Amino acid sequence: MPIKIPDNLPAAKTLNEENIFFMDEDRAYHQDIRPLNIVIVNLMPTKIVTETQILRLIGNSPLQVNPTFIHTQTHKSQNTSKEHLIKFYETFEEIKNNKFDGMIVTGAPVETLSFENVDYWEELCRIFDWSVTNVTSTIHICWGAQAGLYHHYGIPKYELHEKLFGVFKHNLTERNIKLTRGFDDEFYAPHSRHTYVKREDIKKNPSLKILAESDEAGAYIVASENGKNIFVMGHAEYDGDTLNLEYIRDKNQGMNIKIPKNYFKDNDPEKGPMVTWRGHANLLFSNWLNYYVYQETPFEL
């Protein structure tokens, strides 16, 4: 899907080098196509890296996507310049009167805090409430998934004894679901988190289904019955070197961090990572865009 991105967005250089099809605003304007309008709530501190990761996954289909990035006003970013946010981001107040075909809520490194103690929690709750009537389908990632399950369904998160860190094997638990069309019987996805949601809490809610899970990592993909909300507990969007960079960062900070499981060749950091989740990640996001956004959204928003 050609994505329409602003001129000079830092992600453009990386996407071009990776042969990901995107268009500048002028070319997109001259195409007689109604783009899918996707709002991306970027909660990650490394916003530019996350922009590239998300755009890479929504940029591989014949339809046109118009992404809108928003950041939370109630949190001051320490890792992204004010100039970048002004140039490439909106706030919720600026977009709340619009409707969107889809929404993506990223993860955030705040999982050890209670939801209510996150400084932008009230603002995020307003975004969640707004999405019920203004967004066709939302995909939530990692902490964003835990936050969405808590807000919409009252499902709590629990702290793990040690960080879940690595690439884990998953199996489908529901096969006749559009979101998982084309998935292998077994597939891999990265996880990097300190908290989890209990399977039994999800299963108690008749409006939710666990579509895929892992013996080691637990519930992975959860969907509401109508497909309006998708919750992905891992990080399918991660670059090949993301876990390695996290490992090096934590090690340099003197943390007692184990090497990420099933990630380095022969479990040897010197041999580098082996990417086993790229195909799954692309299929997950392309299925969501096609079956839950494009096929379901009203043509006129």
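A Cβ is built for glycine as well, from the same backbone N, Cα and C atoms used for every other residue.
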Binding-site annotation, Swiss-Prot, substrate: partner of K163, R249 in S137, S192, S224: S192
Listed in sequence order, residues with CB under 8 A of K163 (substrate binding site) and six or more positions away: S192, R193, H194, I257
Greatest C-beta neighbour count within 10 angstroms, which of the recorded positions E111, E237: E237
Top Cα neighbour of H235 (active site, proton acceptor) in the set of recorded positions E111, C142, R249: C142
Max pairwise CA distance, angstrom, over record-listed substrate binders K163, S192, R249: 15
Cβ-Cβ neighbours of R249 (substrate binding site) (radius 10 Å): 11
In the chain carrying C142 (active site, acyl-thioester intermediate), residues 6 or more apart in sequence that have Cβ under 8 angstroms from it: T106, G107, A108, H191, S192, R193, V232, M233, G234, H235
